[in-house]
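Just below is one structure, and these are the notes that go with it.
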Amino acid sequence: MPSLTHNQLSSLETTERIASCFSLVGTIFIFITFVSSPNFRRPINRLVFYASWGNTLCNVATLMSESPIRLGQHSHLCQFQGFLIQMFVPADALWNLAMAINVYLTLFKKYNAHALKAQEWKYFLLCYGCTFLIAFALIFVDNPSRGKAYGSAVLWCWISDDWDFLRLALCYGPAWICILIALSIYTMAGRFIFRKRHDLRAFNIPVEELPLSYPPTAFDPPPAPTSIKVTREFASLPSENVPGGLEPDTYLAPTGNNKDGRGVNGNGRFSELSTSSTSKSYSVAVTTESPSFSSRPGLPHIKSSSSSTGGPGGRHHNRQPNRAAMEANRAAYSYTFIASLFFVSLLVTWVPSSINRVYSLIHPEAVSEEYAYAAGVVLSLMGMV
């Protein structure tokens with residue numbers, strides 16, 4: 001059976017334990033943040049919290065490092081370590097897939113926070129239920145020619161070299177299937193977000209006419225009613241132009257077009273009122289407050305205002321600069337950035353260990369110290385990355 005020298009194994013064991021301590025610090029930080037900050041308890045963050053429990057128990061196994069190997073394949077500690085690693089290492093890839101599925105349901109199926117929360121029990125069954133059944137069953141696998149399924153795997157007790165094909169079938173194969181599915185989902189999500197970003201930047205019209213195409217998602221609060229404040233000022237409007245004997249300061253222009261002039265149309269635009277040649281200037285201003293979307297990262301409260309003035313000398317129209325598109329762009333960037341971080345962490349965990357596994361398949365009688373170190377470090381740091 002291939003192995004490393006005593007000094008190499010001692011250095012690797014120390015490295016694994018130090019990396020496991022850093023990983024435990026990362027998971028403890030996640031636990032504290034989740035419990036103490038209600039803002040952290042969003043659907044995608046809850047999945048991170050659930051996955052951190054598995055990472056913590058996996059770090060319990062990596063902290064043991066090679067001590068169970070020295071006790072022998074049939075020792076209870078070796079079998080326990082193999083069970084923990086087989087259950088929680090693949091579970092990490094499955095939780096990352098669950099996060100990608102949440103992104104898909106939010107963007108393309110318009111799931112809200114309540115609907116996403118209703119899916120979490122299914123994620124538990126997939127990520128922890130299935131891996132538990134497989135890991136538990138392997139404890140009882142024993143063959144006269146191959147021995148027990150759990151045994152020395154150089155770094156720790158796991159599926160032994162004699163059962164090497166089970167590593168591919170029950171760990172690396174499912175993990176890379178999850179990676180490819182997550183990559184497809186994040187690719188579709190990125191295209192969707194940047195297509196909407198392009199559409200928003202193409203609009204160069206006032207905020208109240210901007211057809212924002214981002215639907216409410218699980219990351220948004222319930223919509224609040226839009227409030228409209230209208231102020232108007234009439235200066236010496238002739239009484240013959242005021243219907244029903246109303247005072248000028250209480251007169252509102254009718255909706256729609258008038259015979260002699262124009263009023264407020266159905267789209268909220270203001271146009272000239274019917275006045276005589278003796279009427280003086282007037283002004284109309286409208287301020288609208290749309291529902292807050294501040295729960296999206298980088299997307300603050302949107303407020304717009306417009307005003308229109310007119311009189312005998314003509315009509316003047318002013319609007320504040322439209323910044324809604326740029327604010328939505330910031331939200332798109334933030335959303336894509338968070339999704340990308342999850343996928344990068346998945347690659348950091350699985351690429352080095354997969355390279356080490358491929359090397360062992362090509363060179364079954366040799367062990368690469370560099371690849372073994374890389375695999376031991378990234379798997380021990382699973383809770384940190």
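Note: Cβ is positioned from N, Cα and C throughout, glycine not excepted.
Automatic prediction, not curation, is the source of TrEMBL annotations.
What TrEMBL records for this protein:
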- 9-198: domain 'G-protein coupled receptors family 2 profile 2' (DOMAIN)
- 17-35: transmembrane segment (TRANSMEM)
- 47-65: transmembrane segment (TRANSMEM)
- 93-111: transmembrane segment (TRANSMEM)
- 123-141: transmembrane segment (TRANSMEM)
- 173-194: transmembrane segment (TRANSMEM)
- 239-275: region 'Disordered' (REGION)
- 289-321: region 'Disordered' (REGION)
- 332-351: transmembrane segment (TRANSMEM)
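Over the domain 'G-protein coupled receptors family 2 profile 2' (9-198) the predicted model carries a mean pLDDT of 91. Looking at 17-35, 93-111, 123-141, the range that has the most CB pairs within less than 8 A of the transmembrane segment (173-194) turns out to be 93-111.
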